[in-house]
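J.: Can you keep this structure in mind? I'll have questions shortly.
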Amino acid sequence: MKTMMETSYSPASSFLADHTHTIMPSLLSGRILHFAKLSAASSSEFHSSKQVKFAKKISRNSAISVRRADSGSSPRKTQKLNLEVSPHRAVSAVRLMRIELGGAFADLLNEQGKGSGDNEMEYVERTLGFRTRDLDGRDLRLVTEVVGGTIRWRRYLDHLILSLCHDERTFRSMEPLLLQILRIGFYEITKLDMPPYAVVDESVRLAKVALRPGAGNLVNGILRKLAVLKESDSLPAVKVDGDDRQQARGLATLYSHPVWMVRRWIKYFGQDEAIKLMTWNNNYPSFSIRANTRKGLTGADLISRLKMLKVPHEPSLYLDDFVRIKTGMQNVIQAGLLKEGFCAVQDESAGLIVSIVDPQPGENIIDCCAAPGGKTLFMASRLNGQGTLFAVDINKGRLRILRETAKLHQVIDVISTIHADLRTFSMDKVVEWDKVLLDAPCSGLGVLSKRADLRWNRRLEDMEQLKHLQDELLDSASRLVKPGGVLIYSTCSIDPEENEERIEAFLLRHPEFDIDPVNKYVPGNFVTKRGFYMSNPVKHELDGAFAARLVRPQ
């Protein structure tokens with residue numbers, strides 16, 4: 001799952017390499033580049049222009065200070081500790097600002113589990129000028145829920161806030177932190193059904209301490225209005241009528257997606273399917289974890305471990321070594337299963353693409369855009385120590401992480417990494433491979449449920465750039481396939497222009513390749529009329545993904 005030139009086919013990909021703090025949990029989101037630019041689909045890009053200045057000057061001395069004794073010494077040290085402000089609210093507000101600035105992702109998962117809370121509190125202190133009490137496990141789960149949900153529902157929440165402000169200028173001139181405090185409060189009251197009195201009280205307290213008393217008064221007035229409207233079931237309605245453009249705009253607000261995306265999905269899938277897809281994207285995502293058989297752990301063993309950890313789970317319907325979990329990921333992390341390499345977070349849609357590659361012991365395989373390596377590692381485990389798997393990527397830092405993870409997963413014996421741009425690498429190579437996987441950079445429109453922030457970081461213009469890049473990479477990958485070999489093209493997108501249309505265009509340029517239907521490798525309900533693989537989030541309850549298997553005759 002690679003999205004929007006996230007291997008350094010774009011200069012911004014070095015940012016992603018710098019922020020890959022984890023080994024396998026990064027696979028939760030696929031290979032997705034987080035842009036700092038925000039989509040014009042939301043009014044919040046107006047606020048983002050102020051956030052850099054705000055972050056520099058926000059540090060204040062308004063926190064309630066308490067004195068703590070240094071352990072083992074008599075001198076007393078003043079720390080800016082505020083015990084009245086809710087930890088999850090402060091962390092969520094700061095993290096939401098960091099996400100809009102491009103400095104963070106929407107999930108808190110890492111291999112340390114508890115360590116993420118310490119990191120977040122450092123950002124709170126740096127931004128707001130004070131700390132709260134430490135985050136406990138419940139706080140971490142709540143931050144993950146609140147941050148993800150607030151991002152998903154941002155467009156709808158802004159519609160409600162604007163409606164209750166009764167003055168567009170007031171809304172558009174809000175400080176970034178004030179806007180985030182309101183968004184969090186609106187989300188908790190309208191979507192989490194939290195007690196309004198508690199949400200109002202905590203939100204007002206944060207606004208007063210982090211900003212000023214007047215900000216707290218504004219938050220108090222707006223949230224109290226919301227609570228009354230919610231109680232009487234009379235929240236400001238969203239109009240979904242008029243011509244096609246007006247209907248798309250209304251649906252985009254109601255289901256909180258960019259307008260261009262809604263119009264595109266209605267065009268390709270129809271309005272009913274587009275609504276189902278947006279509903280899926282707005283739900284809390286489930287995850288799959290893959291047992292690492294190279295360390296002697298089978299799917300059945302993994303299920304036993306999850307039972308011991310009391311993590312709700314169910315076996316995959318499609319892959320023996322995969323298990324689905326909806327909640328309890330923090331338990332898995334804190335038990336060390338990811339950190340010790342016994343399993344990896346990987347969606348079944350990605351696992352099915354490896355099934356389509358069908359790695360066999362002794363084969364010579366190349367993964368053309370490999371980092372961070374989820375499919376690479378799974379393919380390597382299928383080789384059972386026999387054969388070679390070359391992992392090519394343009395991002396040197398992410399290849400280093402791949403190598404480290406391959407050692408951890410005990411598959412490094414068959415993996416060789418190559419730091420190169422595929423487009424130049426393929427020009428002077430005479431080696432021909434049995435199987436060539438091109439998991440191409442794409443829009444990531446199939447993984448929006450897991451990457452809550454991604455919908456706001458995509459533009460319609462991106463699609464044209466991506467199609468051109470995908471064509472270039474397909475042409476380059478095709479040069480590496482030996483006669484009788486196989487080329488597999490895959491994406492984590494549901495967009496026909498990135499999927500079927502790219503293959504049809506490729507076959508016109510390369511008539512020497514034939515389609516090899518994937519029905520021999522995946523269940524029939526994933527196979528399209530043309531013999532391609534397509535996972536549909538609504539139909540299959542997996543991430544959206546695509547793959548085509550192409551054979552070069554002898």
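Positions of Cβ are set from backbone N, Cα and C atoms, glycine also.
Unlike curated entries, TrEMBL annotations are predicted automatically.
Reproduced below are the annotations present in TrEMBL:
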- 277-553: domain 'SAM-dependent MTase RsmB/NOP-type' (DOMAIN)
- Cys369, Ala370, Ala371, Pro372, Gly373, Gly374, Lys375, Asp393, Asp421, Asp439: S-adenosyl-L-methionine binding site (BINDING)
- Cys492: active site, nucleophile (ACT_SITE)
J.: Of Cys369, Cys492, the recorded positions given in the record, which has the fewest other CB atoms within 10 A of its CB?
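T.: Across Cys369, Cys492, these recorded positions, the one with fewest Cβ atoms within 10 Å is Cys369.
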J.: Cα of Ala371 (S-adenosyl-L-methionine binding site) to Cα of Cys492 (active site, nucleophile): how many Å, rounded?
T.: 14
J.: Pairwise over Cys369, Ala370, Ala371, Pro372, Gly373, Gly374, Lys375, Asp393, Asp421, Asp439, annotated as binding S-adenosyl-L-methionine, what's the top Cα to Cα distance to the nearest Å?
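T.: Largest pairwise Cα separation, rounded: 19 Å.
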J.: List every residue in the same chain as Gly373 (S-adenosyl-L-methionine binding site), at least 6 positions away in sequence, whose Cβ is under 8 Å from its Cβ.
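T.: Ala391, Ile401, Leu402, Thr405, Ala406 - these are the non-local Cβ neighbours of Gly373 (S-adenosyl-L-methionine binding site), listed in sequence order.
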J.: Write down the Cα-Cα distance for Cys492 (active site, nucleophile) and Lys375 (S-adenosyl-L-methionine binding site), rounded and given in Å.
T.: 12
J.: Measuring Cα to Cα, how many angstrom lie between Asp421 (S-adenosyl-L-methionine binding site) and Cys492 (active site, nucleophile)?
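T.: Computed Cα spacing between Asp421 (S-adenosyl-L-methionine binding site) and Cys492 (active site, nucleophile) is 21 Å.
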J.: Which whole number is the mean pLDDT over the domain 'SAM-dependent MTase RsmB/NOP-type' (277-553)?
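T.: On average, pLDDT over the domain 'SAM-dependent MTase RsmB/NOP-type' (277-553) sits at 96.
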J.: Looking only at Cβ atoms, how many others are within 10 Å of the one on Lys375 (S-adenosyl-L-methionine binding site)?
T.: 27
J.: In whole Å, note down how far the CA of Cys369 (S-adenosyl-L-methionine binding site) lies from the CA of Cys492 (active site, nucleophile).
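T.: On Cα coordinates alone, these residues lie 13 Å apart.
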